[in-house]
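Asks: Encoded as structure tokens, here's the structure I'll be asking about.
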Amino acid sequence: MASPIKTASFHTFPSAVSSSSCSSSLPSPSPSPLFSLTMDPIRSLSPLSSSLPACGLDPINSSSAAASSGKHSSVCFASSKAGISSNGSLGISGVSNSKIVTGDCGYVLEDVPHFTDYITHLPAYPNPLQDNPAYSVVEQYFVDVEDTVPQKAIAHRNGPRGIHFRRAGPRQKVYFQSDEVQACIVTCGGLCPGLNTVIREIVCGLYNMYGVKKVVGIDGGYKGFYSRNTIPLNPRSVNDIHKRGGTILGTSRGGHDTKKIVDSIQDRGINQVYIIGGDGTQKGAAVIYEEIRRRGLKVAVAGIPKTIDNDIPVIDRSFGFNTAVEEAQRAINAAHVEAESIENGIGLVKLMGRHSGFIAMYATLASRDVDCCLIPESPFYLEGAGGLFEFIERRLKENGHMVIVVAEGTGEDLFSDSINSVNKDASGNRLLQDVGLWLSQKIKDHFSKKNKMAINLKYIDPTYMIRAIPSNASDNVYCTLLAQSAVHGAMAGYTGFTVGLVNGRHTYIPFYRITEKQNKVVITDRMWARLLSSTNQPSFLSPKDVVEDKKEESLQSSEENNGGSNGYFAPKEISC
């Protein structure tokens, strides 16, 4: 939780939110025409603090309507953990600014940084899209500065309005002229369907919407900033890349040296950085933004979250996930054909996901051929009454065959100490053992010892086949919108943000919100109940496990409704 040490009051400036008149149990803004700006203790000592604008708000985010009506909101710059050390290296705890705007009725906007937060007298220009014939037919194409998107779609009559994020899209004013932009794109981490589509649409968006002609790709991930040459990109060179899997820019894990990266950005004259990668990559992007801000550079840092596992929090889904679920059907179908073609056949499919079982869960629901789905979030046991072996025996006697889907990272607690891995990859992720091979052998050993029935087990691992394919139609559209949202945000002067779909609307989300934890399947949720109903498998949970999971879910929901981990807590009941 933030511990502000200095508070200053300023005369009323236009509000960042449109506030309606209501009574609230929130600490209300002062009745005088003042509002408070709480300074972060680190930033208040920074040499840049003297160049901060008086009100701490960028003028493009301000609402003249709110000012004229006398409404107020409170803007707070608080500190939150970001995994940054004093020398800029990744992985050591440090502090990062969070920009919180509060309004009436429990309204909380977790805003993203803007150039005007730390650079004064910055000129703004009319958005060139207003003269673009492709958009002349669109009614109110520019996003209203008041538009925000709620994190939670469901609200209660007496509850707070809750956490919101700034809506993505083009603004009427931009902070770059087309000929001054020098943009770069980098892809990091593992492969994922849709990477090339995102690259293509960033390039085409910059060229076709904003007239930007200088775009380069960084070869080979973060280390490419300081160890390799750049790759020139233009609409012609990226025209057909969305039809290919992988990434034309190459990728790698690790290689994050903040000083070298920012030095390279500064030396090359780059002023827009588009970073495509998972939670580890986005943590690195947050560190790069902090160093750029510390140096006072006019460089926009925009993240596009990428993970095939769908384990990034806040957003509805990550790109490539739909493609992965669709492709997983082929493996499940093959396992089903093998299993039903022989007596006591068992088809075992392992799907990726690390510590999140979303691909396995959704692929199981889509297939309807799966008899048992095992995911990391739902513990299970092998031996004894109600265990997995007993269920397999029963299903084989009933149907003569069965299909099992197991997610990567499942059953780690069942592995013996001798095979549990403590090794990590270059990104710092723990290397997981192959649960599919382990479970296959356990099942074979169990039935060979009992001599009750002969089984025929076929094991299929499609992991790298799924990662390497191009994205399907649904993900192609999603990648296009993510890329264009990132371009609009950077041109509008926003920085230190990632783009994502929240409740069906594209938003700008602060880095710290998508890196603070992993998104996981909630096994007390209706979606998991639907899966259990589809497969007719036991839950493998004891009553004690169910109670503990419900407590954890309730606590998580309470934290999200009350402001998350930023130190701001809205009241549980609001009278408006």
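Glycine is treated like the rest: Cβ placed from N, Cα and C.
Copying in the features that TrEMBL gives for the protein in this structure:
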ACT_SITE  ASP309  active site, proton acceptor
BINDING   GLY190, ARG253, GLY254, GLY278, ASP279, GLY280, THR281  ATP binding site
BINDING   ASP279  Mg(2+) binding site
BINDING   THR307, ILE308, ASP309, MET352, GLY353, ARG354, GLU408, TYR464, MET465, ILE466, ARG467  substrate binding site
COMPBIAS  545-554  compositional bias 'Basic and acidic residues'
DOMAIN    184-488  domain 'Phosphofructokinase'
REGION    542-576  region 'Disordered'
SITE      GLY280  site 'Important for substrate specificity'
Asks: Between the Cα atoms of ARG253 (ATP binding site) and THR307 (substrate binding site), find the distance and write it as a whole number of Å.
Replies: 14
Asks: Taking just the CA atoms, what is the gap between GLY353 (substrate binding site) and GLY254 (ATP binding site) in Å?
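Replies: Given the Cα positions, GLY353 (substrate binding site) is 20 Å from GLY254 (ATP binding site).
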Asks: Once the chains shown are all counted, how many other Cβ atoms turn up within 10 Å of the Cβ of ASP279 (ATP binding site)?
Replies: 23
Asks: Rounding to the nearest whole angstrom, report the longest C-alpha distance spanning GLY190, ARG253, GLY254, GLY278, ASP279, GLY280, THR281, listed for ATP.
Replies: 13
Asks: Measuring Cα to Cα, how far is ARG467 (substrate binding site) from GLY190 (ATP binding site) in Å?
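Replies: Answer for this pair: 8 Å between alpha carbons.
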Asks: Using C-alpha atoms only, work out the spacing between GLY190 (ATP binding site) and the residue listed as 'active site, proton acceptor' and round it to an integer in Å.
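Replies: GLY190 (ATP binding site) to the residue listed as 'active site, proton acceptor', Cα-Cα distance: 11 Å.
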Asks: Looking only at C-alpha atoms, tell me how far GLY278 (ATP binding site) is from GLU408 (substrate binding site), rounded to the nearest Å.
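Replies: That comes out at 17 Å between the alpha carbons.
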Asks: If you count Cβ atoms within 10 Å of the Cβ of GLU408 (substrate binding site), leaving out that atom itself, what do you get?
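Replies: Its Cβ has 24 other Cβ atoms within 10 Å.
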Asks: How many Å separate the Cα atoms of GLY254 (ATP binding site) and THR307 (substrate binding site)?
Replies: 16
Asks: On a C-alpha basis, identify the one among THR307, ASP309, GLU408, MET465 that is nearest to GLY280 (ATP binding site); the candidates are the recorded positions.
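Replies: Result: the closest of the recorded positions to GLY280 (ATP binding site) is THR307.
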Asks: I need the CA-to-CA distance for ASP309 (active site, proton acceptor) versus GLU408 (substrate binding site), whole Å please.
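Replies: Roughly 10 Å, rounded to the nearest whole number.
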Asks: How big is the gap, in Å, between the Cα of THR281 (ATP binding site) and that of THR307 (substrate binding site), rounded to a whole number?
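Replies: Cα of THR281 (ATP binding site) to Cα of THR307 (substrate binding site) measures 10 Å after rounding.
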